[in-house]
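Noted in Swiss-Prot for the protein shown:
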type    : residues                   : note
BINDING : Cys14, Cys17, Cys29, Cys33 : Zn(2+) binding site
Amino acid sequence: MSDETAKPFEPKPCPICGKPSIERYKPFCSKRCADVDLNRWLTGAYAIPVVEEEDEDGEPLSPPLRPE
């Protein structure tokens, strides 16, 4: 690929505030936005929805037991 056809690097927007991201905190624009995202993960704000399965009786399956 020649230099004439190469596109200059354009940073993607920060997923928290929308400002351009910077290399140091990629994909975020700042330490603050990176910390906001980490806090959302740690407090459960980001979650994957789960469909509860039922057994043959129509009763919900019991949650798996945690090893102690």
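Count begins at 1; order follows the chain as displayed.
Glycine is treated like the rest: Cβ placed from N, Cα and C.
Summarising the environment of Cys33 (Zn(2+) binding site), the number of other Cβ atoms within 10 Å of its Cβ, over all protein chains shown, is 19. For Cys29 (Zn(2+) binding site), other Cβ atoms within 10 Å of its Cβ number 21. Summary of the Zn(2+) site environment: with the site residues Cys14, Cys17, Cys29, Cys33 set aside, the chain residues having Cβ atoms within 8 Å of the Cβ mean position are Pro13, Pro15, Ile16, Gly18, Lys19, Ser21, Tyr25, Phe28, Ser30, Arg32.
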